[in-house]
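Comments concern the structure below.
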Amino acid sequence: MTISRTPKFSAGELNVYSAPADVAAVTRALRTAGRRIVLVPTMGALHEGHLTLVRAAKRTPGAVVVVSIFVNPLQFGPNEDLNAYPRTLEDDLTALRAEGVEIVFTPTGSDMYPDGTRTSVHPGPLGDDLEGSSRPGHFAGVLTVVLKLFSIVRPDRAYFGEKDYQQLTLLRQMVADLNVDVQIVGVPTVRESDGLALSSRNRYLDKDQREQAGALSAALLAGKYAAAGGAEAALDAARAVLDEVPALEVDYLQVRDPMLGPAPAEGQARLLVAARLGRTRLIDNIAIDVGASAGIDGHPRVGNDQNHELPWRN
């Protein structure tokens with residue numbers, strides 16, 4: 001008879017597991033001991049944005065933070081180079097150790113998909129919109145791997161950045177539609193001093209492109225302040241900023257409601273942009289208030305609304 005034993009776990013230290021069965025056994029034992037499991041899924045190449053998610057997760061009382069590092073092949077399209085995605089595992093582990101993370105899950109493709117990809121999660125119509133229109137199959141790959149991570153780790157909460165707002169919305173849709181008992185927590189976008197959203201892709205920008213990339217966040221901020229005049233006013237203001245940078249090839253610039261349905265005539269909304277600089281594709285978004293819900297002075301409302309981040313510059 002084979003007696004299964006829980007893999008070793010050292011509290012207060014960084015524990016790295018690659019086998020799904022091992023991390024599942026450890027998190028199950030921790031839950032039995034009364035600890036809460038919180039998950040931060042990543043593809044590695046960690047930057048301050050990822051570490052902000054980790055810090056938010058660590059604020060959960062009684063939590064053990066699990067960070068997964070897995071470059072998921074399912075979310076790469078035929079024209080996207082999976083092999084070119086940056087892999088910096090040793091640097092990532094050093095950063096996570098400094099943050100006090102106790103569990104890192106680093107599976108391989110064969111660990112996650114031992115029998116191939118026979119089953120996947122269909123994201124519905126929203127999965128083919130916005131990002132999905134230029135990256136077919138991307139969100140099916142994202143939802144499939146995240147659902148697998150949920151099944152393996154069994155977290156109480158999972159933390160995701162608002163920079164990938166469509167992804168965040170689809171994950172909330174998935175857990176609601178499939179009755180997945182995990183709370184999805186969105187964390188505001190982390191930005192450079194000029195407003196550029198942190199992204200692993202920023203490393204591909206040369207000096208000139210890095211300067212030009214600041215136009216995305218500037219356009220969003222212009223749209224935010226113009227939104228009192230309606231969705232079209234927000235788009236016009238944002239477009240005027242983007243047009244000043246001919247090197248930017250804009251894929252889309254849209255206003256949507258918070259669940260990414262059609263733009264509202266009035267109320268809370270999201271302004272989203274995607275553009276290319278050379279071979280690098282960048283995305284960003286910002287919460288806006290459309291129409292009469294904006295302040296009477298024409299500036300966006302600022303208050304206790306947890307869905308809205310403050311402007312990052314005046």
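Think of each number as a place in line: the chain as shown, counted from 1.
Every residue, even glycine, has its Cβ placed from backbone N, Cα and C.
In the structure as shown, the Cβ atom of His50 (active site, proton donor) sits within 10 Å of 26 other Cβ atoms. Residues annotated as active site, proton donor in Swiss-Prot, with sequence analysis given as evidence: His50.
If you look up Swiss-Prot, you'll see 43-50, 161-164, Val190, 198-201 marked as ATP binding site, on the strength of sequence analysis. In the three-state DSSP classification, Ser200 (ATP binding site) falls within a helix.
Look at Swiss-Prot and you will find Gln75 tagged as beta-alanine binding site, backed by sequence analysis. Within its own chain, Gln75 (beta-alanine binding site) has Gly137, His138, Phe139, Gly141, Val142, Val145 as residues 6 or more apart in sequence whose C-beta sits under 8 angstroms from its own. According to DSSP, Gln75 (beta-alanine binding site) is assigned to a helical segment.
DSSP assigns Gln167 ((R)-pantoate binding site) to a helix in the three-state reduction. Gln167 ((R)-pantoate binding site) has a Cβ environment of 21 other Cβ atoms inside 10 Å. Per Swiss-Prot, (R)-pantoate binding site is recorded for Gln75, Gln167.
Among the features that Swiss-Prot reports, region 'Disordered' is placed at 112-131.
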> What are the DSSP helix, strand and coil residue counts for the region 'Disordered' (112-131)?
Replying inline: 6 helix, 2 strand, 12 coil
>> Between His50 (active site, proton donor) and Val190 (ATP binding site), how many Å separate their Cα atoms?
In response: 9
>> Applying a 10 Å Cβ distance cut-off over all chains shown, what neighbour count does Met43 (ATP binding site) have?
In response: 17
